[in-house]
Structure formats: structure tokens, C-alpha cells
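> I have a structure I would like to understand better, so I am pasting it below and will then ask my questions one at a time.
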Amino acid sequence: MKLDQAAKALFLSEFVGAFLLSMRYFFKPKPTLNYPHEKNPQSPRYRGEHALRRYPNGEERCIACKLCEAICPAQAITIEAGPRRNDGTRRTTRYDIDMVKCIYCGFCQEACPVDAIVEGPNAEFSVETREELYYDKDRLLENGARWEREIARNIALDAPYR
């Protein structure tokens, strides 16, 4: 027993083993990303900042069915519908989302029959004041216009699983 301990101490086997382990990890590719400059690929199902979409002809998609308002567990969505138009359809006059209350569950997106409200790919929407987290219809439509290409691609990629 003493001879075994003396050999370990003399040849520094534990030190050499630890050194070799360190060298193995030293030369492997780094798993850490330099975030602002490097980003992980996002899933098509990523739930980020909300957006209201428009049809390709420019007409907004929301038909004021209020399913998203009804299903929201945080009660973060407020909708007011305008009067029926000549063709029998409705559109919203007010569409507000309180992003402070929102829990990003995605129920609003799943409930929408026309894919009007979606949670887009944007994860970087920090603000300086709490009031900026109250999104009105104009802000949501602006988000939809900004992210429409990626949103449409993500919906198409996710279509087989819906």
C-alpha cells in the first residue's frame, strides 16, 4: 500500500491525468457563443415578439373573432370590433396586447383561424419604460410588416405539424 502511494507521488500520476484532461478540453471547439455577434439557430416554433399580419393585398388578416382574447390565460389581449362591413366581415378598431402580462404561451396564435396574430422571431425587444410594453394595433401591424418574410417561412415549416 505504501509503495503504491509512493509511486503515485513520485510520478505525479494524478497531476498528469488532470493535465491531459485539461488539454483535451482546451483543444475542443468552444460551445460558448459570443452572443451579440453569434447567434444560435432558432426553431420555427420560437415564440418572440407579437405581430399582426396582413394579406398580400395589404388588407389586415384579423377578422375580430376575439378567440385570442378569450383564450389568453393572462388576459393580456383587448380587442374592440368595428361595425360589419358591406361584405359582412368585421375588422378591429382596437387591438392591444399588454406585454407585461403576456406569458408567451402561444395560445393566441393557435386559436387564430386566419393566422393574424403570431409570435414572431424577434427576441430582442428591450425597452426603457414599462409603457413601451403596451402594444397597440399600429405597433403590432408594424412588427408584422417587419418580420413577415420570416413569419411566413416559419409557418410554412411548421405546417406539417399543425
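Every residue gets a Cβ built from N, Cα and C, even glycine.
Per Swiss-Prot, [4Fe-4S] cluster 1 binding site is recorded for Cys62, Cys65, Cys68, Cys112. Per Swiss-Prot, the feature [4Fe-4S] cluster 2 binding site maps to Cys72, Cys102, Cys105, Cys108; the stated evidence is sequence analysis. Per Swiss-Prot, the feature domain '4Fe-4S ferredoxin-type 1' maps to 52-82; the stated evidence is sequence analysis. Feature annotation from Swiss-Prot assigns domain '4Fe-4S ferredoxin-type 2' to 93-122; the stated evidence is sequence analysis.
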> Which one is closest to Cys105 ([4Fe-4S] cluster 2 binding site) in space, judged by CA to CA distance, out of the binding-site residues Cys62, Cys65, Cys68, Cys112?
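Looking at Cα distances from Cys105 ([4Fe-4S] cluster 2 binding site), the smallest one goes to Cys68.
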> Relative to the mean position of the Cβ atoms of Cys72, Cys102, Cys105, Cys108, the recorded [4Fe-4S] cluster 2 site, which additional same-chain residues have Cβ within 8 Å?
Cys68, Ile71, Pro73, Ala74, Ala76, Ile77, Ile97, Ile103, Tyr104, Gly106, Phe107
> In Å, rounded, how far does the Cα of Cys102 ([4Fe-4S] cluster 2 binding site) sit from the Cα of Cys62 ([4Fe-4S] cluster 1 binding site)?
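Cα to Cα, Cys102 ([4Fe-4S] cluster 2 binding site) and Cys62 ([4Fe-4S] cluster 1 binding site) are separated by 19 Å.
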> When you average the Cβ positions of Cys62, Cys65, Cys68, Cys112 for the [4Fe-4S] cluster 1 site, which other residues in that chain have a Cβ within 8 Å of that mean position?
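For the [4Fe-4S] cluster 1 site the neighbour list reads Ile63, Ala64, Lys66, Leu67, Glu69, Ile79, Cys108, Ala111, Pro113, Val114, Ala116, Ile117.
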> Hey, what's the Cβ neighbour count for Cys68 ([4Fe-4S] cluster 1 binding site) at 10 Å?
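The answer is 22.
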> Restricting to the binding-site residues Cys62, Cys65, Cys68, which ones have a CA within 10 Å of the CA of Cys108 ([4Fe-4S] cluster 2 binding site)?
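Neighbours among binding-site residues, in sequence order: Cys68.
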> If you average per-residue pLDDT over the domain '4Fe-4S ferredoxin-type 2' (93-122), what number do you get?
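Value for the domain '4Fe-4S ferredoxin-type 2' (93-122), mean pLDDT as a whole number: 95.
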> Please determine which of the binding-site residues listed here (Cys62, Cys65, Cys72, Cys102, Cys108) has the lowest count of neighbouring CB atoms within 10 Å.
Cys65
> Sort out for me which one of Cys105, Cys112 has the most neighbouring CB atoms within 10 A, since those are the binding-site residues we care about.
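That would be Cys112, with the most Cβ atoms nearby.
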> If you measure Cys65 ([4Fe-4S] cluster 1 binding site) to Cys72 ([4Fe-4S] cluster 2 binding site) at Cα, how many Å is it?
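Answer for this pair: 14 Å between alpha carbons.
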